[in-house]
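The domain 'NLE' feature in TrEMBL is assigned to 11-70. Under the heading repeat 'WD', TrEMBL lists 104-145, 146-178, 189-227, 236-276, 355-396, 397-438, 439-472.
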Amino acid sequence: MNMEAGMGNTVMCLLTDPEGTHLGSAMYIPQSAGPLQLTQLVNKFLNNEEMLPYSFYVSDEELLVPVGTYLEKNKVSVENVLKIVYQQQAVFRIRPVNRCSQTIAGHAEAVLCVSFSPDGKQLASGSGDTTVRLWDLNTETPLFTCKGHRNWVLSIAWSPDGKHLVSGSKSGEICCWNPKKGELDGNPLTGHKKWITGISWEPVHLSSPCRRFVTSSKDGDARIWDVTLKKSLICLSGHTLAVTCVKWGGDGIIYTGSQDCTIKMWETTQGKLIRELKGHGHWVNSLALSTEYVLRTGAFDHTGRQYPPNEEMKKALERYNQTKGDSPERLVSGSDDFTMFLWEPSVSKQPKKRLTGHQQLVNHVYFSPDGKWIASASFDRSVRLWNGVTGQFVTAFRGHVGPVYQVSWSADSRLLLSGSKDSTLKIWEIRTKSLKQDLPGHADEVFAVDWSPDGEKVVSGGKDRVLKLWKG
């Protein structure tokens, strides 16, 4: 670049990735350069074989205009080095959903949990009527009613290879279902003495086909089960109060959050306690991993390609490593103490950051599929957005007039969905930090929401006993 040709029209910039690693050294770029020119520059520096899309941020604000315009508008001096963070974007785009395509009756009591299968082709729901239901997404009608529980179905989870569905109830028993037939796979599994609060499967990149999953319970224990042997392998005991949530991490470690204010980390061969994460002043309600989306979807991606079992593990590992990058897997916890903590558990037992701002308890936390953002839902009626790498507060989404129960992300990390006690769903756009779509329609509280991994559909369920499917 000819520097003599007008030093006044250039600005010294330093490009860094979200972790803060520099891309080359500081360099002069023309003030007329915008996101397109910066994208070309990053692709060139990284020697990418094909042009990949990137977005750019200056102090957590997306850069959508030429650098010079940004400097002028924000009164930033050209004397200083401008730090620009680049982030790779999803290569595909998800359409925002804007209409209810079907309202399906079937459950006789409130719908308490909903979940799409990893390939987005099947849908399951659990209800206060003690049944699990599987739904046909092509015809948008009930497919199977799965009977086997004696009490409310509080939790459901698909294995990341899509071959099994597991549910847990208020009585503490676990049922394994064959989703193709809607039949109970063996007798209900017993061991927990109180209700089931969470279920998480061993990632498919660590073991294929999927066999092991972990459950957390109000009885203070977590248990590892084998779906093939139909039995409890290991009981993880150590918490002094109810275990409220559980996650099986991509490094093979199990994380449990509890009402005893701690998060415990367990290895899974003998069930030994590895480390304790302390800091919360009240119950831990929710845990989320930065790699959760790829752990949930295994080898399935937006192309919808099916893999034979021998290749499935390889493909899942490839996707996991791509999402994780060179940085450690991150964990976020939300609590009744109104705060959240961001952790890098493999690096330190001290939190990376304390995330404060909610005025009421934090009910649900969730990383975006690309790990770049964290969303939190609270009883203070807001959804908050945080930087998923640094934990820095980004914005508060306000609009709900009741507690927000659950959030879910679109597969491209560009849109966020929330469901509330106020009977509405809302879709928020990350780029503009604003409400994209208001989705009223339910007659009562919305307890559960999920956005299908393929991005095509949204499902919601709640107190009015119906499932609603939403499309773009």
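Yeah, the Cβs are placed from backbone N, Cα and C, and that goes for glycine too.
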* Quick one: do the repeat 'WD' (104-145) and the repeat 'WD' (439-472) reach 3+ CB pairs under 8 Å, ignoring pairs fewer than 6 apart in sequence? -> yes
* Structure fact -> Sequence-distant residues near the repeat 'WD' (236-276) by C-beta distance (under 8 Å, 6 or more away from its ends) are 194, 197-203, 205-206, 212-224, 282-289, 291-292, 294-295, 320, 324, 329, 331, 333, 335, 343, 345-346, 349
* Structure fact -> In the repeat 'WD' (146-178), averaged pLDDT is 96
